[in-house]
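Report on the following structure.
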């Protein structure tokens with residue numbers, strides 16, 4: 001007892017026969033969201049430290065909701081294929097809404113890089129859906145003007161080679177993609193392609209990605225859009241510049257790689273909005289975009305137009 005008469009708590013005896021308690025320091029693993037790795041490493045999960053495992057859903061192209069104003073709108077779509085021209089014109093408006101959904105998942109990894117301590121190759125499945133919605137056309141019941149579906153399978157092999165002027169070659173790959181608008185004749189449009197791709201970076205401020213593709217042959221009687229490669233292109237190059245932690249500028253150039261000289265140019269600015277749930281960088285962007293050329297949608301593959309859009313995009317999740 002204490003001098004005041006109050007009892008003093010006596011600690012329980014320690015059973016020395018029990019094993020000692022060990023304190024384990026569990027480090028947080030962010031994988032493909034760990035910003036100590038470069039954008040390309042995290043996007044394609046090229047290294048063990050930037051890996052998020054298989055069969056988890058990730059963003060692919062930006063998930064976007066935007067308002068679009070076009071220089072023209074395709075009121076009576078046509079194609080060089082017989083029976084593929086709309087019978088009548090629909091009074092669509094040049095201002096509409098664009099919605100894009102795009103996700104992917106990794107199906108397998110470490111197929112050819114099992115012996116490498118850090119680098120990982122991978123197989124992915126991706127799906128992108130883009131719709132043009134005539135939200136501002138109540139007189140025709142606000143229909144969806146067109147919706148494109150684009151599933152693809154791709155294999156990505158990591159590389160780590162130093163290039164001139166400080167550039168770093170990060171990956172190469174091959175893919176197979178189908179794109180169609182899911183319509184019946186006369187509005188049906190579709191094609192299948194196989195492509196090669198590669199990417200490089202400079203100090204994680206500049207990213208350069210390139211693709212070249214070959215359209216898979218179709219029977220002339222079932223080809224919805226003959227000559228589409230001469231309009232939309234046979235290759236593309238993308239350049240992104242991270243101006244600072246909140247602003248990214250991008251440019252995408254597509255070209256037919258033929259004497260027609262057709263293709264398209266897309267310029268875009270993505271600005272970070274707010275902060276993420278954990279206090280880090282948000283995945284929400286204010287997305288401003290300017291497109292000019294052919295192939296803004298499958299139904300417009302042979303129609304040139306200029307489109308300005310402003311909206312919100314979800315990226316890099």
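Every residue, even glycine, has its Cβ placed from backbone N, Cα and C.
A TrEMBL annotation is a machine prediction, not a hand-curated record.
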Range annotated as region 'Disordered' in TrEMBL, from 73-93, 94-114, 115-135:
73-93
Recorded Ca(2+) site member, picked from 188, 256, 259, that accompanies 141, 224 in TrEMBL:
188
Rank the recorded positions 141, 180, 188 by how many other Cβ atoms lie within 10 Å of each Cβ and give me the one with the fewest.
141
Please spell out the DSSP helix, strand and coil residue counts for the region 'Disordered' (73-93).
0 helix, 0 strand, 21 coil
Cα-Cα, whole number of Å: residue 180 (active site, nucleophile) versus residue 188 (Ca(2+) binding site)?
8
